[in-house]
């Protein structure tokens, strides 16, 4: 299930074309070149030929067919690790912020912008970087985006003004977001559909684990200069960039077809061979592609009530996690006198909850297939809500446990257990919402996911701005109770959508109607 929504999110685009009748060239040389004529078009009165890959004979450009399983997993592992580093940077600000406040003589509220602006960048960046990958390929997008992210990380580290630091945080998140929006498609490029479940599940989980690991880096280096936390992640990002430069090839099929078309034009001395992406580039500018990629997600958000509710739901879950990045240091230092490293390790509970929940995606997929079979082979998007049924209850349960076990006379492991249950619930909520979004919106799945990412990151960036003040003014227990009650209000969502989903989809201008 996790694999399916990620594949659809990464690969749905305006560049997809329908298959047409295959033709072949009647010559031995053409057979060796493995030319597949899948469509014909008229250009200046001459017949032109669109090239594609033949399933029977491997083209040299069709690199996915030549890759060993080990190399596929190496590429997906490197992309996954880089994605995790990008998300670690978002929360690594948590503990060094104390030193940043002292160094720049700023308030806690201003310091919190270091988290907020980075997460804003993660939410806004995909709207601009995804079209870049669809026109120019995965590899060049990764290289330029990670290089620019590293450059802006340098500004964050060595800027002499807090304005420069914040500007660097936003732009490093903006460009780093390519590994959250494009990476899933790159992994889908090199694995067959029946093999992609495990690598995609690992990739998806890593994006959630990164924020939990970030504070651990900050805690380990807390007694050093605040810069060393970010220098460590800068060096790690640089190592990832070097490895990507030398070991990650282009995987985007439309780009590989351009290479094949160029080879055929050169070898056959015939300029009539073309790839669809070449035509798309001629007819679509990068600016127009960016405009379309930003217009449709906002249309979905404003005109579709289902999308608005689902975006708010996932945004709320992620926002609470990021609120904890300012709340945990206050709670565990005040109640249990935790030091920096102990505070950093307190986030492991959320991480453990997500890790334990990840394998269930295979079980939910089996359950989905059973439901389809039971329904005479007819599947509906609402069948994807099963993980959300569990997540809807686990998230408030975890928050209630955390809220009412935060006492000095209660062992610190109790609220950590509550955070683990909450983390598990968050994973189920995201799995159910993402799978439903892809299945219900189909043609507009990529726009739906972009819309969800934008709302999610905006909410996650806003909540830390008032989190500490809320815990100080309301008290640890009542602030936690308030968060739990907000998630309780969301419990009916999957049940109402399961009952009325078909009716709501029929009224939606974007959703798939039965």
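Yeah, the Cβs are placed from backbone N, Cα and C, and that goes for glycine too.
In Swiss-Prot, the feature transmembrane segment is placed on 228-248, out of the ranges 39-59, 228-248, 249-269. Looking up the ranges 3-23, 171-191 in Swiss-Prot, the one annotated as transmembrane segment turns out to be 171-191. The topological domains that Swiss-Prot gives for residue 370 and residue 477 carry different names, which places them on opposite sides of the membrane.
For the topological domain 'Cytoplasmic' (499-514), residue counts in helix, strand and coil come to 9 helix, 0 strand, 7 coil, using DSSP. The transmembrane segment (343-363) shares the most Cβ pairs under 8 Å with 413-433, out of the stretches 75-95, 308-328, 413-433. Ranking 142-162, 171-191, 201-221, 413-433, 448-468 by CB pairs under 8 A with the transmembrane segment (112-132) puts 171-191 at the top. Secondary structure of the topological domain 'Extracellular' (163-170) per DSSP, as helix, strand and coil residue counts: 8 helix, 0 strand, 0 coil. For the transmembrane segment (201-221), the neighbouring stretch richest in Cβ pairs under 8 Å, chosen from 75-95, 308-328, 413-433, 478-498, is 75-95.
The recorded stretches the transmembrane segment (171-191) and the transmembrane segment (75-95) share 3+ CB pairs below 8 A when only pairs 6 or more apart in sequence are counted, and are therefore in contact.
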